[in-house]
Structures are given as C-alpha cells and as structure tokens.
Amino acid sequence: MRATLPSESKDRGTDPSRSPLIPATEKKPAGASASEKLCIDEMLQKYCGEFGRWQLKHFILTSLAWALEAFHTMVIIFADREPEWQCLDGAAGSGCDPAAKNVCRFEPGSWKWVGDSTVAEWGLFCGDKFKVGLVQAVFFGGCMIGAGIFGHLSDSFLGRKGSLTVVCALNTVFGTLTAFSPSYSFYVLFRLLTGCSTGGVGLCAFVLATEPVGPKMRGTVGMSTFYFFSSGIALLSAIAYIFPAWRNLYIVSSLSSLVFLVFVLPFVSESPRWYLVRGRKSEAMKIMSTIATSNGNHLPQGVILTMDNQKPLSLPLSPSSLSYHVSVTTTDTCMKEQHLFKDINPLNKLQLSCQVAMTGSLLDVIRTPMTRARLVLAVVINFLCSVVYYGLSLNVVNLETNLYLTVILNAVAEMPAFMITAMLLDRWGRKPLTIGTLWFSGAFCFAGSLVNNVGVWKGVRVVCGILGIFGMAGTYNLLFIYTAELFPTVVRNAALGCATQAAQMGAILAPLVVVLGGSLPFLVFALCGIVGGVFAFYLPETLNQPLYDTLTGMEAKENTAISTKV
C-alpha cells in the first residue's frame, strides 16, 4: 500500500515541510554517531546474545511440535500391529496350532484375535498384509507433498509460525477423523491427509526454533530439537499402553495437537528473519529488542537491521532534508513512488526510502548454479539416509520382543547419537561429521549382512542393526541443520522442504527393502550409507558461517571467499 505523500494535501502550494503528515526535522547534536546497520547474526552476536533466556524459552516451546510429529508418524506401529491370537476351545482338530507363528493356514472359526487394531478389524493379514505397508507408504507420500507445500508457504506469506499453526490445526482435524474411519478406504484417505499436514510440522518447527539463535550456538541447538522427537516416540508408547484400542489412540494423539495450538503457540514469536526478508523491518526490530531485553542486554537506539545484499533505495539528500519511508512489494513499485515523489519535491528537501519485500521459491534455488548443486546433493543424501533410518527402525521390530518396551528402547537408543553429534558438531564441522556418521552406519550394516541370523550370530546381527541406526540417527538429525545452513532465508524452507520430500520418498521405499528379508536389507542399507558419505564430500562446510538472507548476498560473499583463498 502506498504511503500518503505530502503532495496529497489540499493546498499543493503549501511548503511540504509544514505538512502535519511529515515529522519535524531532527537535528543531531554535533559529534553524534551515525546509525549502525547490522544483519541479524551480527546483531545477535554484538548486542542481543546468541542463546540466552529468550532463545531457550522459544526453543523449548517451538520444539514441542516435534513430539506431535512423532505421535502422528509412529502411531501406525501400534494402531496397525498384528495383535495376539489364540485357538478357540474345541478347535484342536481344525488345524489350529498355538505354537504356529501366524494364522494363515488355520481354518476360519478355529481361532480369534486377542486385542484391537486395524489388522483385526479389517482383516489386514496373510494375503492382505500388504495393505498395512500401503497405508504407511501413503502416509509418507502425504508427508512428501506437505513438506513441499508448507515449505513454500512458510517462506512466503504464511511465515514460520503461521504455517506451524495451520499444520497443527489440520493434524487435529485429520487425526481425529482417522479414528472414526468406517472402512479401510477412508482410513487410507485420512492417513494421506494427516501425512500432508504432518510433513510441515518438523520443517516449520526446526526453522522457527533455530533462526533466532546465533551462529556459534545454532548447530548445538538444532541437534537438540530431535530429543523432542525421540521423547515423543517414547511417550507415544506409554499412551498406547494406556489406550490400546486403536481408535482411542488416534483421538488422544490427535488432541495433543489441539493442546499445543491453544496453550503453546500463542507464546511463540515469529522469526525475525522472515519479517526482515518480507520487508517488515519494524516487526523484526521489535523482536530483536525483546530478545536483547530478555537476555539482560541492551539494543542501542541507532542500531538498524539490514539484509546482506540490500540498502534502502533513496533520493539524493541534503543535510537539511527530511526522511520519509514507504514499504512496497517490488523494486518497480519503489521506483514509481520515487519518481512521483520527485515531481512534487523538486528541491530534494524530502527523502523517500523504500524497503522491498524479498521473496523466493524453489525455482530460484534451481536457477542459481551454486544453490542448484547444493540442492541436488542435499536431496540425494537425505533420500539415502532416510532409507537406512526407517529401514533399520522397521527391521528391529522383528526381534519379537514386547512391542511397547522395544519402541521405548529404540527411542532412547537414538538419544546418545544426538548428544555425541551435538558435542562434535562445532569441533569437527558439519561436513566431516556427516561423512563419518554415514560411513559408521554403512560399515555396521555391511557387517550385519555378512552374518547369518542363527545362534549366537543372531545377537551379532542385532548389535550391528542397533549401531547402524545409532549412526544414522545422528546423520538424519545433522542433515536438518546442514541443509538449513546451505541456503539463504528467502528460500531456506523451500529447499529444506524439498530435501524433506526426498527423505519421505526414502521412507516409502524402506518397507519394500525390509520385505526382501535375509541379508539383503543390511546390504542395501550399507550401500546407501557408503554412497551417501561419498556425495557429502561435495558439500561446502558451513561451520561458523552466517545465515545468509538472500541468494545474491550469499553468492557475492561465497565468491569473494573463494577468490580470497585463490
């Protein structure tokens, strides 16, 4: 919207400097310092604090959304499980054998299910067992779609917090509707819709939690977000134990999104980086001032936020001239405003400055050679990592132990990987740690493929699988930080959403690999881990590098750094 110009007063002959719409000239005292223009990382380091009380509160509240993603993703383990069964009394001569591993060869009516799940309700076993895997694949397909949609929306008009609000609301609705599915077809449909909204939860929560954090602490903070995901899996196991009926479980797990939406999100702030690139500098400055105050610091009056490639467009200014600011959406609009303003201001006694809202999309990432190469590598590595992570997670279920306890132990086993990678992240850097964890997982998966699943070697294969998922859990979480740091603010969520889509494709493929059985799954996982490490060699290091705001700003500084090294 165009600002009201002084020429629009009733008397065009009136001196604009006397118009009540124009602020009075402020004369700075002699020796007063000029305003200081800083980007967000510089302001956090110099005045606000990189990780203080405000960032800690913001991080905890925002990262609670990861537990919600764990609920909606892993609920299928309990809702679609194959429950216990038992032979009916008097069915001894019908071929029902209590020692059998499945009921496929039993005569109908000779046995019954002991427990409640979608498998028992809709007969998803034996010849129809593939339908359980189909639901899982459809859910992850929805996540892939949702990651792309909400990755773009969170970079554009919805923002990080706005997108997180929308996906939590949709999760509440679609998750609850899933509990009332009248048939398998409706169940698949509602899981698809839930996947579309769930795909944006972790994406938006991660970016929103880490963008207000300074560069020195951003890696450690980013790694810590995934404790909430693992904790959510463990908590879901406890909830499933209390509510074993699959419909009740869906209702309870879905209403948790409503609780987050009502009692947590109102206390979460929008990202100042998003405000800045959208041309809403005053809102960004307000948040930065709040951060400084909450952290016990002070933001001086003359400090101004600026992006890494942009200065306000302005007319020539004499020492006695006045400043007049207008926010616009395009550079062309800004130039039109300036020409109009110059026509009614021939003596240049007034200044009109413009702040153009910066936007970006996945197409901009692809058009730029530097980010295009990074995107291809990030997509391939995220895909390979996801195949291994979800594949090993599903393969552990074959241990034939207590389901609730097994899920909790698997979730807890991931936490040391988060801690170790967080400790080494700022010492070794993103690139060496990514390569190391990928090859660590690949090596143990390869070792698992060499042993048979009999006798003592069964235990060896179990250990190889646990160590494989330990390494890949660290890689999987590290890639969120690494991918986010590879791209500037205007396209960060779009690029991260694309990488997340690739990860969901890997999650869809993982169950098909597990079905191969024997040593083949471990061999495929080993190949994915080793090849992923090779691709990681071509990514740049981002340790202690700033989070760039724009594509042109990133290109300029990266090219300058390369020229300096040469």
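Each Cβ is built from the backbone N, Cα and C atoms, and glycine gets one as well.
Just so you know, TrEMBL annotations never went through curation; they're auto-generated.
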Students should find that the transmembrane segment stretch in TrEMBL, chosen from 347-364, 437-454, 491-508, is 437-454
Residues outside the transmembrane segment (404-425) whose C-beta sits under 8 Å from one of its C-beta atoms, at least 6 past its ends, are 74, 77, 219-220, 223-224, 226-227, 230-231, 233-234, 236-238, 240-241, 393, 396-397, 433, 437, 466, 469-471, 473-474, 477-478, 481
Any contact between the transmembrane segment (520-539) and the transmembrane segment (186-209)? By contact I mean 3+ C-beta pairs closer than 8 Å, pairs at least 6 apart along the chain. no
Item checked: Cβ-based contact of the transmembrane segment (460-482) with the transmembrane segment (249-268), 3 or more pairs under 8 Å -> no
The average per-residue pLDDT within the domain 'Major facilitator superfamily (MFS) profile' (58-544) comes out at 83
